[in-house]
Amino acid sequence: MTLKVCVCGGGNGAHTLSGLAASRDGVEVRVLTLFADEAERWTKALGADELTVIVNEKDGTQTEVKSRPKVITKDPQVAITGADVVILTVPAFAHEGYFQAMAPYVQDSALIVGLPSQAGFEFQCRDILGDKAAAVSMMSFETLPWACRIKEFGRKVEVLGTKSVLAASLIKGTAETVDPLSTLQKLHGAEPVFRLAKHFLEMLIMSYSFVHPAILYGRWGSWDGNPVSEAPLFYQGIDQATADMLTACSDECKAVGNAIMAACPGNDLSDVKDIYQWYLEYYHEDIQDDHDLYHAITTNKSYKGLVHPVKTVDGGVAPDFGNRYLTEDIPMGMIVFKGVAIAAGVPIPNNDKLITWAQEKIGKVYLVDGALTGKDVATTRCPQRYGFNTLNAILTGKKE
């Protein structure tokens, strides 16, 4: 039986996944890209040729994977109808358009995958798919599986590196779907090895969407407005106060997880780790001094040379607050977590402090006196936006 897979998107991740998945036996790949004329451009660029994925292996060798998607289209009816798996490889702000496009055509037995999903993926999917949402299964990945770059649009993409392990959460629907883990493993290959998280809220809480805003706040929170000579180091340039803020925000995440388990027995969020433990687990090979969080971040070799987003101004450079570190991580991250914290009845003053500072920098109003009543809440993915106002509604997807 042919496995029908729809890959949504036209960027680096969509190119990579389309090429890898289409190379597997018994897999039919349809690409759906809603952006402008991207589907037409991709179809024209590929012509009658095959899509090439250049994979840089861990042993230093290169492998070329050649394959061809069955169709590249802007028409959701063509791409979605009959698809066993629908995988979104687009930024979180674009998910809404794809959910709306697939809603009339997605089958009850579909597995809908966010690769990656970002916080609020399940809330948005449930809201837009309506009655169908109870039937479909939803899978959320924490990040993309690879570092990848398009080398020639529509024709060639390079995988610079592949993660060894990647966690996903699963909400099983009432309809029978393909086996989620083994199917995704088949499409990707031997690596990354996929593991299942215990709970979808574990993934939401452990997205640690406060990290980028906290580092920006640590460097620019008391900035005098004068240009600096060069972009400061981002991760490796943090101070102890920023590390302390990261720890405080992480402690609030754990408190929310514990409150949910206490209020709603049967929901296991015991794998929610503090951020220091997370660093030790994920970056143990790259950290040179692991005796505390500050040193774990500042001596992390994978962060070498990464600098703050800046823009050139007279006299030097100034912070670029229009960067995705705030424009995505606040509405698609911190505000979603805040919504869950409100439903759990847990105050999160350190997270609130970062949100209040960041929303002013990007010209938005989400949080007003600690409540999600700002005019821009409707542009976020917090559960309250969709009518999931209680823990029970958040956990079950049933609005009350």
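In case you wondered, yes, glycine gets a Cβ from its N, Cα and C as well.
Cβ neighbour count for H212 (active site) (all protein chains, 10 Å cutoff from its Cβ): 23. Among the features that Swiss-Prot reports, active site is placed at H212, with the record citing similarity to another entry.
According to Swiss-Prot, the NADH binding site annotation covers G10, G11, N12, G13, F35, A36, D37, E38. Under the three-state DSSP scheme, E38 (NADH binding site) falls in the helix class.
H212 (active site) carries a helical DSSP state (H, G or I). The pyruvate binding site annotation in Swiss-Prot covers Q118, T143, H212.
The Cβ of Q118 (pyruvate binding site) lies under 8 Å from the Cβ of A92, S207, E328, M332, G333, R381, each on the same chain and at least six residues away in sequence. What Swiss-Prot lists as substrate binding site is Q118.
Counted within 10 Å of its Cβ, the other Cβ atoms near C148 (NAD(+) binding site) come to 25, all protein chains included. According to Swiss-Prot, the NAD(+) binding site annotation covers C148, R324, on the basis of similarity to another entry.
Annotation comment: Swiss-Prot describes M206 as L-arginine binding site, evidence class similarity to another entry. For M206 (L-arginine binding site), the same-chain residues 6+ apart in sequence whose C-beta sits under 8 angstroms from its C-beta are E142, C253, V272, K273, W278.
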Checklist outcome for this item: N12 (NADH binding site) has its Cβ surrounded, within 10 angstroms, by a count of other Cβ atoms equal to 20
Next on the checklist: Just to verify a number: CA distance, F35 (NADH binding site) to H212 (active site), in angstrom, no decimals.
Outcome noted: 28
Checklist entry - Counting only other Cβ atoms and using a 10 Å cut-off, which of the binding-site residues G10, G11, G13 scores lowest? => result G11
Next on the checklist: Are there recorded positions among C148, H212, R324 that sit within 10 Å of N12 (NADH binding site), Cα to Cα? If so, list them; otherwise say none.
Outcome noted: C148
Item to check | Other CB atoms within 10 A, centred on E38 (NADH binding site) | outcome: 19
